[in-house]
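Taken from TrEMBL, the feature Fe cation binding site applies to A:106, A:142. Marked as Zn(2+) binding site by TrEMBL: A:110, A:113, A:150, A:153.
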DNA sequence: CTCTGTGCAAACGGTTTGCAAGGGC
DNA sequence: GCCCTTGCAAACCGTTTGCACAGAG
(Lines of atoms letter the chains of each structure in order from A and count residues from 1; the text may use other names and numbers.)
(Lines give C-alpha, C1' and ligand atoms only; values in the text may rest on other atoms or scores of the structure.)
Protein backbone atom coordinates (compact mmCIF):
# COMPACT_ATOMS: atom_id res chain seq x y z
CA UNK A 1 0.00 0.00 0.00
CA UNK A 2 2.96 2.28 0.37
CA UNK A 3 3.60 4.65 -2.49
CA UNK A 4 7.35 4.49 -2.06
CA UNK A 5 9.28 3.20 -5.07
CA UNK A 6 11.20 0.67 -3.02
CA UNK A 7 10.16 -1.43 -0.08
CA UNK A 8 11.90 -1.41 3.29
CA UNK A 9 14.22 -4.09 4.57
CA UNK A 10 13.04 -6.72 6.95
CA UNK A 11 14.95 -7.79 10.03
CA UNK A 12 16.91 -10.92 9.36
CA UNK A 13 19.12 -12.95 11.63
CA UNK A 14 22.14 -13.21 9.36
CA UNK A 15 23.83 -10.80 7.03
CA UNK A 16 23.73 -11.75 3.36
CA UNK A 17 27.41 -12.62 3.65
CA UNK A 18 26.77 -14.99 6.53
CA UNK A 19 23.85 -16.54 4.81
CA UNK A 20 25.88 -17.15 1.68
CA UNK A 21 28.68 -18.59 3.77
CA UNK A 22 26.23 -21.12 5.20
CA UNK A 23 25.00 -21.95 1.75
CA UNK A 24 28.52 -22.57 0.51
CA UNK A 25 29.46 -24.68 3.48
CA UNK A 26 26.35 -26.79 3.18
CA UNK A 27 27.40 -27.69 -0.32
CA UNK A 28 31.09 -28.11 0.25
CA UNK A 29 31.90 -24.99 -1.73
CA UNK A 30 34.48 -22.37 -0.96
CA UNK A 31 34.52 -18.79 0.12
CA UNK A 32 36.60 -17.00 -2.43
CA UNK A 33 37.62 -13.41 -2.98
CA UNK A 34 35.42 -12.90 -6.06
CA UNK A 35 32.37 -14.33 -4.32
CA UNK A 36 32.87 -12.24 -1.20
CA UNK A 37 33.51 -9.14 -3.26
CA UNK A 38 30.37 -9.65 -5.33
CA UNK A 39 28.02 -10.25 -2.38
CA UNK A 40 29.38 -7.17 -0.67
CA UNK A 41 29.07 -5.08 -3.78
CA UNK A 42 25.57 -6.18 -4.66
CA UNK A 43 24.14 -5.75 -1.18
CA UNK A 44 25.71 -2.33 -0.76
CA UNK A 45 22.77 -0.84 -2.60
CA UNK A 46 19.18 -1.69 -3.29
CA UNK A 47 18.42 -1.73 -6.96
CA UNK A 48 17.50 -3.83 -9.93
CA UNK A 49 20.30 -4.73 -12.27
CA UNK A 50 21.33 -7.15 -14.95
CA UNK A 51 24.63 -8.95 -15.42
CA UNK A 52 25.92 -6.31 -17.78
CA UNK A 53 25.13 -3.40 -15.49
CA UNK A 54 26.85 -5.17 -12.65
CA UNK A 55 29.94 -5.87 -14.73
CA UNK A 56 30.06 -2.19 -15.72
CA UNK A 57 30.17 -1.16 -12.07
CA UNK A 58 32.95 -3.56 -11.15
CA UNK A 59 36.70 -2.95 -11.57
CA UNK A 60 37.90 -3.34 -15.17
CA UNK A 61 40.29 -5.98 -16.31
CA UNK A 62 43.75 -5.22 -14.91
CA UNK A 63 42.39 -3.37 -11.86
CA UNK A 64 42.47 -4.96 -8.42
CA UNK A 65 39.41 -7.06 -7.58
CA UNK A 66 38.66 -7.67 -11.24
CA UNK A 67 36.08 -10.45 -11.72
CA UNK A 68 35.60 -12.00 -15.11
CA UNK A 69 32.16 -11.98 -16.75
CA UNK A 70 32.04 -15.76 -16.58
CA UNK A 71 32.44 -15.61 -12.81
CA UNK A 72 29.87 -12.85 -12.51
CA UNK A 73 27.33 -14.99 -14.38
CA UNK A 74 28.22 -18.05 -12.36
CA UNK A 75 27.97 -16.15 -9.09
CA UNK A 76 24.63 -14.56 -9.93
CA UNK A 77 23.16 -17.99 -10.43
CA UNK A 78 24.56 -19.11 -7.10
CA UNK A 79 23.12 -16.07 -5.35
CA UNK A 80 19.69 -16.85 -6.74
CA UNK A 81 20.09 -20.43 -5.68
CA UNK A 82 21.21 -19.38 -2.24
CA UNK A 83 18.17 -17.15 -1.86
CA UNK A 84 20.14 -13.92 -1.83
CA UNK A 85 18.78 -12.69 -5.12
CA UNK A 86 15.67 -13.01 -7.19
CA UNK A 87 15.66 -12.93 -10.94
CA UNK A 88 13.20 -12.47 -13.74
CA UNK A 89 13.19 -11.75 -17.45
CA UNK A 90 12.54 -8.26 -18.75
CA UNK A 91 13.02 -7.16 -22.34
CA UNK A 92 15.17 -10.16 -23.04
CA UNK A 93 17.70 -9.76 -20.28
CA UNK A 94 17.73 -11.34 -16.83
CA UNK A 95 17.06 -8.78 -14.12
CA UNK A 96 18.19 -9.38 -10.56
CA UNK A 97 17.03 -7.84 -7.33
CA UNK A 98 17.85 -8.29 -3.67
CA UNK A 99 15.73 -11.02 -2.18
CA UNK A 100 17.26 -11.90 1.15
CA UNK A 101 15.93 -9.47 3.72
CA UNK A 102 13.27 -8.00 1.49
CA UNK A 103 9.57 -8.74 1.43
CA UNK A 104 7.89 -10.52 -1.47
CA UNK A 105 6.51 -8.05 -3.96
CA UNK A 106 5.56 -7.35 -7.55
CA UNK A 107 6.48 -4.66 -10.03
CA UNK A 108 5.13 -1.83 -12.07
CA UNK A 109 7.36 -1.39 -15.10
CA UNK A 110 7.50 1.97 -16.84
CA UNK A 111 8.07 1.25 -20.50
CA UNK A 112 9.19 4.82 -21.00
CA UNK A 113 11.95 5.29 -18.47
CA UNK A 114 12.42 1.56 -17.75
CA UNK A 115 12.00 2.09 -14.04
CA UNK A 116 10.77 -0.78 -11.89
CA UNK A 117 8.47 0.22 -9.06
CA UNK A 118 7.88 -2.29 -6.30
CA UNK A 119 4.58 -2.87 -4.59
CA UNK A 120 3.03 -5.30 -2.19
CA UNK A 121 -0.58 -6.40 -2.30
CA UNK A 122 -2.15 -8.85 0.08
CA UNK A 123 -5.45 -9.03 -1.84
CA UNK A 124 -3.48 -9.98 -4.92
CA UNK A 125 -2.02 -12.96 -3.14
CA UNK A 126 -5.45 -14.04 -1.98
CA UNK A 127 -6.85 -13.93 -5.46
CA UNK A 128 -3.88 -15.82 -6.79
CA UNK A 129 -4.43 -18.51 -4.18
CA UNK A 130 -8.15 -18.69 -4.81
CA UNK A 131 -7.72 -19.06 -8.54
CA UNK A 132 -5.11 -21.74 -8.02
CA UNK A 133 -7.35 -23.59 -5.59
CA UNK A 134 -10.19 -23.59 -8.10
CA UNK A 135 -7.88 -25.36 -10.53
CA UNK A 136 -6.42 -27.78 -8.04
CA UNK A 137 -3.09 -26.10 -8.64
CA UNK A 138 -0.37 -26.03 -6.02
CA UNK A 139 1.37 -22.66 -6.10
CA UNK A 140 5.09 -22.26 -5.61
CA UNK A 141 5.22 -18.62 -6.62
CA UNK A 142 4.32 -16.16 -9.30
CA UNK A 143 5.66 -13.40 -11.45
CA UNK A 144 3.62 -10.29 -12.14
CA UNK A 145 4.76 -7.27 -14.04
CA UNK A 146 2.37 -4.45 -14.78
CA UNK A 147 3.40 -2.46 -17.82
CA UNK A 148 2.60 1.18 -18.36
CA UNK A 149 3.82 4.70 -17.73
CA UNK A 150 4.97 5.93 -14.36
CA UNK A 151 3.94 9.16 -12.69
CA UNK A 152 7.08 10.99 -13.74
CA UNK A 153 6.70 10.01 -17.36
CA UNK A 154 2.98 10.61 -17.66
CA UNK A 155 2.28 14.04 -19.05
CA UNK A 156 5.27 14.11 -21.30
CA UNK A 157 4.95 12.45 -24.68
CA UNK A 158 3.68 8.92 -25.03
CA UNK A 159 5.93 5.93 -25.35
CA UNK A 160 6.74 4.69 -28.82
CA UNK A 161 7.38 1.04 -28.14
CA UNK A 162 5.11 -1.16 -30.16
CA UNK A 163 5.32 -4.30 -28.09
CA UNK A 164 4.94 -3.40 -24.47
CA UNK A 165 3.86 -6.77 -23.28
CA UNK A 166 6.57 -9.05 -24.42
CA UNK B 1 -14.06 -18.79 -12.88
CA UNK B 2 -14.30 -21.72 -15.24
CA UNK B 3 -12.12 -24.65 -14.40
CA UNK B 4 -11.55 -25.53 -18.04
CA UNK B 5 -7.94 -25.50 -19.13
CA UNK B 6 -8.66 -23.25 -22.11
CA UNK B 7 -11.04 -20.38 -22.49
CA UNK B 8 -13.76 -20.22 -25.10
CA UNK B 9 -13.64 -18.17 -28.25
CA UNK B 10 -15.41 -14.87 -28.47
CA UNK B 11 -17.51 -13.83 -31.42
CA UNK B 12 -15.57 -11.64 -33.74
CA UNK B 13 -16.61 -9.94 -36.95
CA UNK B 14 -13.69 -11.03 -39.11
CA UNK B 15 -11.77 -14.25 -39.41
CA UNK B 16 -8.12 -14.07 -38.40
CA UNK B 17 -7.26 -14.28 -42.08
CA UNK B 18 -9.45 -11.29 -42.91
CA UNK B 19 -8.14 -9.34 -40.01
CA UNK B 20 -4.56 -9.97 -41.08
CA UNK B 21 -5.44 -9.02 -44.63
CA UNK B 22 -6.67 -5.67 -43.37
CA UNK B 23 -3.52 -5.22 -41.36
CA UNK B 24 -1.36 -5.91 -44.36
CA UNK B 25 -3.31 -3.63 -46.63
CA UNK B 26 -3.22 -0.80 -44.10
CA UNK B 27 0.55 -0.97 -44.22
CA UNK B 28 1.02 -1.54 -47.92
CA UNK B 29 2.21 -5.07 -47.37
CA UNK B 30 1.40 -8.12 -49.43
CA UNK B 31 -0.57 -11.27 -48.99
CA UNK B 32 1.79 -14.08 -49.72
CA UNK B 33 1.56 -17.81 -49.70
CA UNK B 34 3.76 -18.29 -46.61
CA UNK B 35 1.81 -15.73 -44.62
CA UNK B 36 -1.55 -17.19 -45.58
CA UNK B 37 -0.32 -20.68 -44.84
CA UNK B 38 0.98 -19.71 -41.43
CA UNK B 39 -2.15 -17.88 -40.30
CA UNK B 40 -4.27 -20.81 -41.37
CA UNK B 41 -2.03 -23.29 -39.69
CA UNK B 42 -1.74 -21.41 -36.42
CA UNK B 43 -5.45 -20.70 -36.06
CA UNK B 44 -6.41 -24.27 -36.88
CA UNK B 45 -5.81 -25.16 -33.26
CA UNK B 46 -5.80 -23.47 -29.93
CA UNK B 47 -2.56 -23.94 -28.12
CA UNK B 48 0.57 -22.31 -26.83
CA UNK B 49 3.67 -22.76 -28.90
CA UNK B 50 7.09 -21.34 -29.57
CA UNK B 51 8.82 -20.72 -32.87
CA UNK B 52 10.59 -24.03 -32.78
CA UNK B 53 7.49 -26.07 -32.10
CA UNK B 54 5.74 -24.34 -34.94
CA UNK B 55 8.60 -25.01 -37.31
CA UNK B 56 8.53 -28.69 -36.32
CA UNK B 57 4.89 -28.94 -37.29
CA UNK B 58 5.37 -27.32 -40.69
CA UNK B 59 6.50 -29.05 -43.89
CA UNK B 60 10.25 -29.74 -43.98
CA UNK B 61 12.62 -28.21 -46.45
CA UNK B 62 11.94 -29.65 -49.88
CA UNK B 63 8.27 -30.37 -49.16
CA UNK B 64 5.51 -28.22 -50.65
CA UNK B 65 4.57 -25.20 -48.54
CA UNK B 66 7.96 -25.15 -46.87
CA UNK B 67 8.51 -21.91 -44.97
CA UNK B 68 11.99 -20.97 -43.82
CA UNK B 69 12.68 -20.34 -40.14
CA UNK B 70 13.53 -16.73 -40.92
CA UNK B 71 10.08 -16.24 -42.39
CA UNK B 72 8.44 -18.00 -39.48
CA UNK B 73 10.15 -15.66 -37.04
CA UNK B 74 9.32 -12.63 -39.16
CA UNK B 75 5.70 -13.68 -39.50
CA UNK B 76 5.24 -14.36 -35.81
CA UNK B 77 6.29 -10.83 -35.07
CA UNK B 78 3.85 -9.52 -37.62
CA UNK B 79 1.04 -11.59 -36.14
CA UNK B 80 1.71 -10.15 -32.72
CA UNK B 81 1.82 -6.70 -34.21
CA UNK B 82 -1.42 -7.33 -36.07
CA UNK B 83 -3.11 -8.45 -32.87
CA UNK B 84 -3.57 -12.03 -33.98
CA UNK B 85 -1.14 -13.43 -31.44
CA UNK B 86 0.12 -12.64 -28.00
CA UNK B 87 3.58 -13.47 -26.83
CA UNK B 88 5.46 -13.77 -23.59
CA UNK B 89 8.71 -15.19 -22.28
CA UNK B 90 8.80 -18.53 -20.51
CA UNK B 91 11.95 -20.44 -19.63
CA UNK B 92 13.95 -18.37 -22.05
CA UNK B 93 11.88 -18.94 -25.16
CA UNK B 94 9.12 -16.76 -26.60
CA UNK B 95 5.73 -18.40 -26.23
CA UNK B 96 2.85 -17.45 -28.50
CA UNK B 97 -0.86 -17.91 -28.08
CA UNK B 98 -3.94 -16.98 -30.05
CA UNK B 99 -5.09 -13.51 -29.15
CA UNK B 100 -7.59 -12.47 -31.77
CA UNK B 101 -10.98 -13.83 -30.78
CA UNK B 102 -9.91 -14.87 -27.31
CA UNK B 103 -10.53 -13.09 -24.03
CA UNK B 104 -7.73 -11.52 -21.99
CA UNK B 105 -6.44 -13.92 -19.39
CA UNK B 106 -3.52 -15.04 -17.27
CA UNK B 107 -1.76 -18.35 -16.77
CA UNK B 108 -0.98 -21.04 -14.30
CA UNK B 109 2.24 -22.75 -15.35
CA UNK B 110 2.93 -26.27 -14.22
CA UNK B 111 6.68 -26.56 -13.80
CA UNK B 112 6.40 -30.31 -13.90
CA UNK B 113 4.56 -31.01 -17.14
CA UNK B 114 5.06 -27.53 -18.61
CA UNK B 115 1.36 -27.10 -19.22
CA UNK B 116 -0.10 -23.60 -19.35
CA UNK B 117 -3.57 -23.28 -17.86
CA UNK B 118 -5.56 -20.19 -18.68
CA UNK B 119 -7.77 -18.32 -16.27
CA UNK B 120 -9.67 -15.09 -16.10
CA UNK B 121 -10.11 -13.04 -12.96
CA UNK B 122 -11.99 -9.77 -12.77
CA UNK B 123 -10.94 -9.06 -9.15
CA UNK B 124 -7.36 -9.41 -10.25
CA UNK B 125 -7.80 -6.66 -12.79
CA UNK B 126 -9.37 -4.41 -10.19
CA UNK B 127 -6.51 -4.88 -7.80
CA UNK B 128 -4.03 -4.26 -10.55
CA UNK B 129 -5.79 -1.02 -11.40
CA UNK B 130 -6.04 0.08 -7.79
CA UNK B 131 -2.38 -0.52 -7.13
CA UNK B 132 -1.48 1.35 -10.28
CA UNK B 133 -3.73 4.24 -9.35
CA UNK B 134 -2.06 4.52 -5.94
CA UNK B 135 1.24 4.98 -7.72
CA UNK B 136 -0.02 7.38 -10.36
CA UNK B 137 0.85 4.71 -12.89
CA UNK B 138 -0.97 4.44 -16.21
CA UNK B 139 -1.44 0.78 -17.08
CA UNK B 140 -1.13 -0.54 -20.61
CA UNK B 141 -1.21 -4.20 -19.64
CA UNK B 142 0.36 -6.82 -17.47
CA UNK B 143 1.88 -10.25 -17.48
CA UNK B 144 1.14 -12.71 -14.71
CA UNK B 145 2.30 -16.28 -14.53
CA UNK B 146 1.62 -18.38 -11.47
CA UNK B 147 4.13 -21.18 -11.08
CA UNK B 148 3.41 -24.46 -9.40
CA UNK B 149 2.11 -27.95 -9.95
CA UNK B 150 -1.12 -28.74 -11.76
CA UNK B 151 -3.81 -31.10 -10.61
CA UNK B 152 -2.62 -33.93 -12.82
CA UNK B 153 0.94 -33.67 -11.59
CA UNK B 154 0.14 -33.24 -7.92
CA UNK B 155 0.29 -36.54 -6.10
CA UNK B 156 3.06 -37.96 -8.20
CA UNK B 157 6.60 -37.06 -7.22
CA UNK B 158 7.62 -33.47 -6.70
CA UNK B 159 9.28 -31.38 -9.38
CA UNK B 160 13.05 -31.24 -9.37
CA UNK B 161 13.62 -27.87 -10.99
CA UNK B 162 15.65 -25.65 -8.74
CA UNK B 163 14.66 -22.33 -10.22
CA UNK B 164 10.94 -22.28 -10.73
CA UNK B 165 10.53 -18.57 -10.80
CA UNK B 166 12.89 -17.44 -13.47
C1' DC C 1 7.73 -3.02 -63.52
C1' DT C 2 8.27 -1.94 -58.96
C1' DC C 3 8.87 -2.91 -54.49
C1' DT C 4 7.93 -6.13 -50.82
C1' DG C 5 8.84 -10.88 -49.24
C1' DT C 6 11.61 -14.98 -49.04
C1' DG C 7 15.46 -18.22 -48.30
C1' DC C 8 19.98 -18.63 -47.14
C1' DA C 9 23.69 -18.04 -44.32
C1' DA C 10 26.01 -15.20 -41.42
C1' DA C 11 25.62 -12.25 -37.47
C1' DC C 12 23.94 -11.20 -32.96
C1' DG C 13 23.50 -10.78 -27.83
C1' DG C 14 23.11 -12.75 -23.66
C1' DT C 15 24.69 -16.59 -21.33
C1' DT C 16 27.08 -21.04 -20.64
C1' DT C 17 30.94 -24.14 -20.80
C1' DG C 18 35.64 -26.85 -21.53
C1' DC C 19 39.92 -26.39 -20.15
C1' DA C 20 44.24 -25.46 -17.79
C1' DA C 21 46.08 -22.63 -14.26
C1' DG C 22 45.07 -20.62 -9.56
C1' DG C 23 44.02 -20.87 -4.75
C1' DG C 24 40.85 -22.28 -0.45
C1' DC C 25 40.85 -25.49 3.21
C1' DG D 1 47.59 -31.92 -1.84
C1' DC D 2 43.03 -32.24 -3.25
C1' DC D 3 39.52 -30.36 -5.48
C1' DC D 4 36.79 -26.35 -6.16
C1' DT D 5 37.10 -21.95 -8.62
C1' DT D 6 38.66 -18.76 -11.94
C1' DG D 7 39.73 -16.55 -16.44
C1' DC D 8 39.88 -17.16 -21.08
C1' DA D 9 38.00 -18.16 -25.29
C1' DA D 10 34.99 -20.74 -27.73
C1' DA D 11 30.47 -22.62 -27.93
C1' DC D 12 25.59 -22.09 -27.53
C1' DC D 13 20.81 -21.00 -28.58
C1' DG D 14 17.09 -18.43 -29.87
C1' DT D 15 16.44 -14.83 -32.81
C1' DT D 16 17.60 -11.21 -36.23
C1' DT D 17 19.56 -9.43 -40.45
C1' DG D 18 22.06 -8.45 -45.18
C1' DC D 19 21.68 -9.83 -49.46
C1' DA D 20 20.21 -11.42 -54.02
C1' DC D 21 16.51 -13.59 -56.15
C1' DA D 22 11.40 -14.52 -56.33
C1' DG D 23 6.88 -13.03 -56.66
C1' DA D 24 2.60 -9.93 -55.50
C1' DG D 25 0.11 -6.02 -57.19
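Even glycines carry a Cβ here, placed using N, Cα and C.
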Rounded to the nearest Å - Cα separation of residue A:142 (Fe cation binding site) and residue A:113 (Zn(2+) binding site):
25
Assigned conformation of residue A:153 (Zn(2+) binding site) - DSSP reduced to three states:
coil
Name the binding-site residues, out of A:113, A:142, A:150, A:153, that lie close to chain B, meaning a Cβ-Cβ distance under 8 Å, keeping sequence order and answering 'none' if none do.
A:142, A:150
Can you name every residue in this chain, apart from A:110, A:113, A:150, A:153, with its Cβ inside 8 Å of the center of the Cβ atoms of the recorded Zn(2+) site?
A:111, A:112, A:114, A:115, A:149, A:151, A:152, A:154
Residue A:106 (Fe cation binding site) and residue A:153 (Zn(2+) binding site), distance between Cα atoms, whole Å:
20
By a simple count, how many Cβ atoms lie within 10 Å of the Cβ of residue A:150 (Zn(2+) binding site), its own Cβ left out?
22
Could you tell me which of these binding-site residues, A:113, A:153, has the greatest number of Cβ atoms within 10 Å of its own Cβ?
A:153
Please give me the CB contact count at 10 A for residue A:106 (Fe cation binding site), counting all chains in the structure.
20
Residue A:113 (Zn(2+) binding site): secondary structure state under DSSP, collapsed to three categories:
coil
Counting only residues 6+ away in sequence within the same chain, which have a CB under 8 Å from the CB of residue A:110 (Zn(2+) binding site)?
A:116, A:117, A:148, A:149, A:150, A:152, A:153
Could you say whether, by DSSP, residue A:142 (Fe cation binding site) belongs to a helix, a strand or a coil region?
strand
Hey, how far is residue A:106 (Fe cation binding site) from residue A:113 (Zn(2+) binding site), Cα to Cα, in Å?
18
For residue A:142 (Fe cation binding site), what is the tally of other C-beta atoms lying within 10 angstroms of its C-beta?
23
